[in-house]
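K.L.:
Just passing along the structure, written as structure tokens.
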Amino acid sequence: CYFQNCPRGXXXAMSDLELRQCLPCGPGGKGRCFGPSICCGDELGCFVGTAEALRCQEEIYLPSPCQSGQKPCGSGGRCAAAGICCNDESCVTEPECREGIGFPRRVXASDRSNATLLDGPSGALLLRLVQLAAAPEPAEPAQPGVY
């Protein structure tokens, strides 16, 4: 079960147990479940309500509590990917999750400039974050998709 929504019996026994990492998910199992429909990883970004996050529904039925992410952020969330904070229900952009433990900048020594490499999912995530930052606030809740 997810730490935030475990039944009283399972969460009360938390002092006796150590929290385990939630189930792996996403392409190649490189992400971790943050909620029943949220899968995030350093290299992947976050999948919300997509096929990549389907496995995360299994976590609800496991008796021991789990928690993904290392650094607390936002309102009861944890840093899920570079610049993203998630709780078990949703994700938001969060500057304090941009760099640090688990989200190092990668710089190639062979590059003539000291720019950060943005390959594949990292570049796509950055582009999406820039688009989201420039977009007006949506009038209705976000639809399932890749963020």
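Including glycine, each Cβ sits where the backbone N, Cα and C put it.
Feature table excerpt (Swiss-Prot):
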- Cys1-Cys6: disulfide bond (DISULFID)
- Gly9: glycine amide (MOD_RES)
- Gly9: site 'Important for agonist activity on V1aR/AVPR1A' (SITE)
- Cys22-Cys66: disulfide bond (DISULFID)
- Cys25-Cys39: disulfide bond (DISULFID)
- Cys33-Cys56: disulfide bond (DISULFID)
- Cys40-Cys46: disulfide bond (DISULFID)
- Cys73-Cys85: disulfide bond (DISULFID)
- Cys79-Cys97: disulfide bond (DISULFID)
- Cys86-Cys91: disulfide bond (DISULFID)
- Asn114: N-linked glycosylation site (CARBOHYD)
K.L.:
I'd like to confirm something. Which of the disulfide-bonded residues, Cys25, Cys33, Cys40, Cys66, Cys85, has a Cα closest to the Cα of Cys91 (disulfide bond)?
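P.N.:
Of the disulfide-bonded residues Cys25, Cys33, Cys40, Cys66, Cys85, Cys85 has its Cα closest to that of Cys91 (disulfide bond).
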K.L.:
Rounded to a whole number, how many Å is the Cα of Cys33 (disulfide bond) away from the Cα of Cys39 (disulfide bond)?
P.N.:
5
K.L.:
Where does Cys56 (disulfide bond) sit in DSSP terms: helix, strand, or coil?
P.N.:
helix
K.L.:
Disulfide-bonded residues Cys22, Cys25, Cys66, Cys85, Cys97: which have a Cα within 10 Å of Cys56 (disulfide bond)?
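P.N.:
Cys22, Cys25, listed in sequence order.
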K.L.:
Compute the C-alpha separation of Cys97 (disulfide bond) from Cys73 (disulfide bond), stating it in Å without decimals.
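P.N.:
Roughly 8 Å, rounded to the nearest whole number.
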K.L.:
Just to be sure I understand: of Cys40, Cys66, Cys79, Cys85, which disulfide-bonded residues have a C-alpha no more than 10 angstroms from the C-alpha of Cys25 (disulfide bond)?
P.N.:
Cys40
K.L.:
Give the helix, strand or coil assignment DSSP yields for Cys79 (disulfide bond).
P.N.:
strand
K.L.:
Can you tell me whether DSSP puts Cys22 (disulfide bond) in helix, strand or coil?
P.N.:
coil
K.L.:
Taking the Cβ of Cys56 (disulfide bond) as the centre, how many other Cβ atoms fall within a 10 Å radius?
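P.N.:
Excluding its own Cβ, the number within 10 Å is 27.
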K.L.:
Return the count of C-beta atoms lying within 10 angstroms of the C-beta of Cys46 (disulfide bond), excluding that atom itself.
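P.N.:
Other Cβ atoms found within 10 Å: 24.
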K.L.:
Measure from the CA atom of Cys66 (disulfide bond) to the CA atom of Cys73 (disulfide bond) and give the result in Å, rounded to a whole number.
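P.N.:
Here the two Cα atoms lie 17 Å apart.
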K.L.:
At a 10 Å cut-off from the C-beta of Cys39 (disulfide bond), count the other C-beta atoms across all protein chains.
P.N.:
33
K.L.:
Given the disulfide-bonded residues Cys22, Cys40, Cys86, which one is most crowded in terms of C-beta atoms within 10 angstroms?
P.N.:
Cys40
